[in-house]
């Protein structure tokens with residue numbers, strides 16, 4: 001359809017030329033005003049009515065600057081152009097997306113580069129010679145030549161560097177551990193499930209880094225260096241250098257006596273047990289030979305090394321605190337870095353204004369290359385569309401509810417939340433009760449060996465059982481609360497995470513109550529331990545730090561065993577029954593194969609990492625155990641996914657799930673750091689074990705070992721260290737951090753406001769489109785009616 005502006009008396013007219021089947025027809029319709037140029041588009045115009053047209057020369061019209069031919073973007077020959085359509089639109093304006101000049105030039109440059117025309121940048125001397133040849137040498141032109149030649153050279157070098165960097169990144173990724181496995185998972189099951197395995201791999205390397213720090217600063221120096229003066233005193237090879245009547249001599253001899261009693265207790269209780277069964281019991285409990293190994297806190301004490309013929313003490317206590325602090329700092333930095341990297345991808349719109357369009361045209365995962373996974377993805381998209389339709393129907397029904405119905409819904413939600421709170425409190429109380437029972441049965445010393453072993457594992461089995469059962473109850477209860485599907489998943493996750501992370505905290509709180517609550521009463525404590533009993537009592541707690549480390553060790557060990565047993569004893573038989581009997585029995589077909597529960601798997605792996613952080617002070621080698629745990633979980637989950645499970649029917653978005661992983665991991669990190677910091681700063685260490693035994697009087701705390709070490713420095717470094725820890729430095733730093741937090745909060749609020757404006761514009765665009773389509777249909781009907789009348 002062609003429209004030509006014609007100069008005539010009275011009204012301006014547009015000649016409409018029809019192409020195709022109607023090429024011979026011509027008609028004239030009045031146009032209210034002239035066409036005006038649309039800024040940023042060469043060869044385009046816009047009428048006052050808001051219709052965008054594209055300019056094109058017509059060889060039949062020769063009048064300069066007066067005759068123009070335009071091609072209407074709307075190809076309907078019967079469209080009525082009278083009236084100001086723009087004033088009738090629901091929105092005030094129509095958004096124009098124009099390409100800026102810089103973007104246009106950038107596209108031209110990229111096109112030239114792709115054609116190979118940019119072999120090298122033109123140097124300044126070539127540009128200067130060109131200016132001289134054209135007799136255009138001036139200060140402005142020379143300055144521009146210098147600027148352009150310099151910028152082009154920098155740009156070419158930047159492109160080369162970026163190209164080499166991308167090549168190096170590809171090579172590094174190809175050599176990365178589990179790269180092929182992750183690609184296989186991504187190809188068969190999509191990005192969402194691959195994100196979980198990549199998260200497990202990330203935690204694996206995090207624990208590997210922590211393990212390197214612990215080995216380098218603590219384990220290897222302790223194992224490699226020679227014994228200290230304390231070891232010689234302990235083995236009667238020497239005596240203290242202090243005066244017999246000095247407080248230092250009395251303290252040293254008291255610590256030596258406590259250490260000897262602790263060693264004698266271990267030898268008497270576990271020294272004669274050499275059967276395989278008892279060795280296995282010591283292995284899973286962390287007692288006996290395991291208790292005296294480098295796995296636990298109690299085995300460490302100062303060492304010495306020789307330098308230029310002089311012996312120097314290697315302060316294991318300072319190295320111990322340094323390794324713990326550096327491990328926590330590294331974990332925090334990596335968590336924040338990974339969270340920031342995923343925040344950009346996850347900072348999007350929760351509620352789409354084109355929900356079904358996005359699922360139909362953008363819901364496919366193009367990483368999938370397996371036929372079975374592709375068929376499943378089709379079912380997932382279809383199920384998601386059906387669920388969204390059902391959700392819209394539910395929202396309509398909710399809009400028709402009366403206030404009595406809403407009272408019923410909110411009453412049900414209140415009841416269920418109270419029930420959830422009771423379940424959480426009951427679970428924590430049950431953990432506390434079993435822990436108290438474990439310690440009380442140990443004190444009674446009336447049970448048999450098998451019963452005593454059972455009671456030693458009752459709290460840990462209870463925690464594992466609750467973590468398996470209670471989240472399933474939460475999933476059933478949330479159905480009756482009538483939330484949306486997305487919010488239902490989030491609140492179930494929140495409740496499960498709360499239970500998971502609160503369980504070890506409840507265990508440690510009960511241990512603190514039983515082992516250290518009477519911290520102010522020195523008469524009830526023996527060598528810093530409240531439950532110090534006879535030498536032949538196997539349940540005597542003579543190093544409370546090692547005892548706490550044993551509990552964390554058992555929790556992590558049981559969690560590792562449960563992951564394997566669930567796959568072997570539940571998922572595999574379920575897959576076998578479903579494969580063999582699904583066509584015979586409807587109930588088997590109804591239950592179906594096991595789904596890969598992504599949220600639960602994430603909570604499980606974060607729970608193990610929380611145990612690692614919490615046990616870092618009491619069990620220095622626990623990062624190595626957690627590293628092994630991550631490897632086992634990675635391969636067990638991979639086999640379970642490939643052989644037994646199918647993906648979830650309503651999976652998470654990849655970016656959202658990654659961001660959620662990091663948020664939960666940061667929460668678990670905080671819950672682990674706070675108790676460890678309290679132990680370091682507020683609780684007296686044992687005098688029978690550990691690197692702080694030599695200084696451990698009633699007023700001594702672990703951090704005092706670092707303070708005493710700083711006092712041995714020169715005056716300058718001392719001043720700097722204590723200034724960093726003083727309020728003069730900390731208070732301004734906190735104020736600065738608060739200002740930065742406020743600044744980023746304001747920026748985030750601005751982005752949120754901008755997002756709302758963009759959503760409103762998109763909604764208006766949708767209304768504009770509907771209105772224009774309605775007008776076009778109306779004009780078509782009018783034309784058909786006129787044609788029928790003719």
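Including glycine, each Cβ sits where the backbone N, Cα and C put it.
Note that the coordinates shown come from a computational prediction; the quantities given were computed from them, not determined experimentally.
Annotation source TrEMBL lists transmembrane segment at 202-224, 313-336, 410-433, 453-470, 491-512, 552-572, 660-680, 720-745. What TrEMBL records for 543-655 is domain 'TMC'.
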| note | Lying 6 or more residues past either end of the transmembrane segment (410-433) yet within Cβ distance under 8 Å of it, the residues of that chain are 459, 462-463, 466, 470, 473-474, 477-478, 480-482, 495, 498-499, 502-503, 506-507, 509-510
| Is the transmembrane segment (202-224) in contact with the transmembrane segment (453-470), using three or more Cβ pairs under 8 angstroms as the rule and ignoring pairs under 6 apart in sequence? | no
| said: Ranking 491-512, 660-680, 720-745 by the number of C-beta pairs under 8 Å to the transmembrane segment (313-336), which range is first? | reply: 660-680
| task | Could you pull out which residues elsewhere in the chain have a CB under 8 Å from any CB of the transmembrane segment (720-745), counting only those six or more residues past its ends? | result | 710, 713
| task | Count up the helix, strand and coil residues in the domain 'TMC' (543-655) according to DSSP, in that order. | result | 86 helix, 4 strand, 23 coil
| Confidence summary (mean pLDDT) of the domain 'TMC' (543-655) | 87
